[in-house]
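Listed in Swiss-Prot for this protein:
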ACT_SITE  360  active site, proton acceptor
BINDING   234, 308, 342, 343  S-methyl-5'-thioadenosine binding site
BINDING   264, 288  spermidine binding site
DOMAIN    200-439  domain 'PABS'
REGION    196-446  region 'Spermidine synthase'
TRANSMEM  7-27  transmembrane segment
TRANSMEM  35-55  transmembrane segment
TRANSMEM  67-87  transmembrane segment
TRANSMEM  97-117  transmembrane segment
TRANSMEM  134-154  transmembrane segment
TRANSMEM  163-183  transmembrane segment
């Protein structure tokens, strides 16, 4: 019996942590503010475990069948938690209600497990030996789950299937327990019947995960979903309405094919026109290849290095028929080298010097993205530039996130760069901002590529003029130790979205 229960501890601790990770990941995907979501969920989950541990004192008789019933309950609720959350988001206005109800319920049930196990085993071992073994196995199981969740389960199986898999593991513990633990025959029959019912539901859920995911995402997106993919880093959704293609990453719109040219022409061409002879170009982010498409319109460019973290994005936009048509197969051009790694780390290790650097990172909605807009990042980037090099970075909206925009501009300027703020109206986004910078005052050539849809000499002058409601405001410099930009961004966009 001891061995069976020790193995159970290893499994159930893994399951408990995975349910917590699933809730935090889904909440951060759907609501943003990763740090806030994980902090609230972890705190609520741990508090609920404490409540469960306290409630365990009221379980006095038949502890072994009660332990197995707890496992069945956790398997059922935890296994379906991802599906419930995805389906709730599109149907319930206050998504936080089902989110925290599930976290509290799972936390209480998980909190019951270890105290009940300790009481079952108390006659088998000395107390100090019992506690050390059970708790050490509990922590080992949590470690295994924390390693395998981001590396294997989330990217390979997706969040919904991962939930069902661990629910099945919980039920497996209960079913196995009916064979290896001492139970009355009547209890064995009841528990096995319950286990089979719950197991069947979880297997059906696992089998229909794609259908559940499709239905839940259909309720979130008004247009037809033509591609849905979970990667190690993000959820990719591509939608289509007539001839319009839209890309969403973690629920956030990245571009619409109807007007993306306004964004990408403004991101790329001012920088290349600000350099006398741009030959080597570095693109950080921009795995969709749309910025690279614009770069290749400058015939004097000899090489383009694209560094994007997620290989799934660059592969999709290299191979998918509709998507590679959008970027005119730019990622397959012989001038282009694609590198899939962390941009910050790559810059630290590289010794190359570039004429133009274009930065198309996601908005600084969390601290892991916010670090890419800090003085530390731009200082590292500056080592990959010479006195004639220029950089341009997308800088969120100067209208909706005014302090965020000027925080990025001031951070770059604090490192000795001459900066030129730019903005453009993109119908699918609204007013959007960029910062162009170099170690010399910015001066433009006038030899525009011929096939641009939006940018010309007149528009280049126009996008440099900021109206009063987007003009400069006093802001902090964004550093690694203060992450002021993330605070500005959260405050401003939450105000708009509420």
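Including glycine, each Cβ sits where the backbone N, Cα and C put it.
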Cβ-centroid neighbours of S-methyl-5'-thioadenosine site 234, 308, 342, 343, 8 Å, sequence order: 233, 285, 287, 307, 309, 310, 340, 341
Chain-internal residues, separated by at least six, CB under 8 A from residue 308 (S-methyl-5'-thioadenosine binding site): 284, 285, 286, 287, 314, 338, 339, 340, 343
Count of other CB atoms lying within 10 Å of the CB belonging to residue 343 (S-methyl-5'-thioadenosine binding site): 21
C-alpha spacing of the residue listed as 'active site, proton acceptor' relative to residue 342 (S-methyl-5'-thioadenosine binding site), in angstrom: 13
Contact yes or no, the transmembrane segment (134-154) and the transmembrane segment (67-87), 3+ Cβ pairs under 8 Å, gap 6+: no
Average pLDDT across the region 'Spermidine synthase' (196-446), rounded to a whole number: 95
For residue 234 (S-methyl-5'-thioadenosine binding site), the number of other Cβ atoms found within 10 Å of its own Cβ: 20
DSSP three-state assignment (helix, strand or coil) for residue 343 (S-methyl-5'-thioadenosine binding site): helix
Close approaches to the transmembrane segment (67-87) from elsewhere in its chain (Cβ under 8 angstroms; 6 or more beyond its ends): 8, 12, 15-16, 18-19, 22-23, 26-27, 30, 95, 98-99, 102, 105-106, 109-110, 112-113, 116-117, 120, 159-160, 162-164, 166-171, 173-174, 177-178, 181, 191, 194-195, 198, 201-202, 205, 209, 212-213, 215-217, 219
Interface-richest range of 7-27, 35-55, 97-117 toward the transmembrane segment (163-183), CB pairs under 8 Å: 7-27
Whole-number Å value for how far the residue listed as 'active site, proton acceptor' lies from residue 264 (spermidine binding site) (Cα to Cα): 9
Rounded Cα-Cα span from residue 360 (active site, proton acceptor) to residue 234 (S-methyl-5'-thioadenosine binding site), Å: 16
Cβ contacts under 8 Å made by the transmembrane segment (7-27) with residues that lie 6+ beyond its boundaries: 37-38, 41-42, 45, 71, 74-75, 78, 81-82, 85-86, 99, 102-103, 106-107, 110, 113-114, 117, 134, 137-142, 144-146, 149, 153-154, 159, 162-163, 166-167, 169-170, 172-173, 176-177
Residue pair residue 360 (active site, proton acceptor), residue 288 (spermidine binding site) - Cα distance, angstrom, rounded: 10
Intrachain C-beta neighbours of residue 288 (spermidine binding site), sequence separation six or more, cut-off 8 angstroms: 247, 254, 255, 313, 317, 323, 326, 327
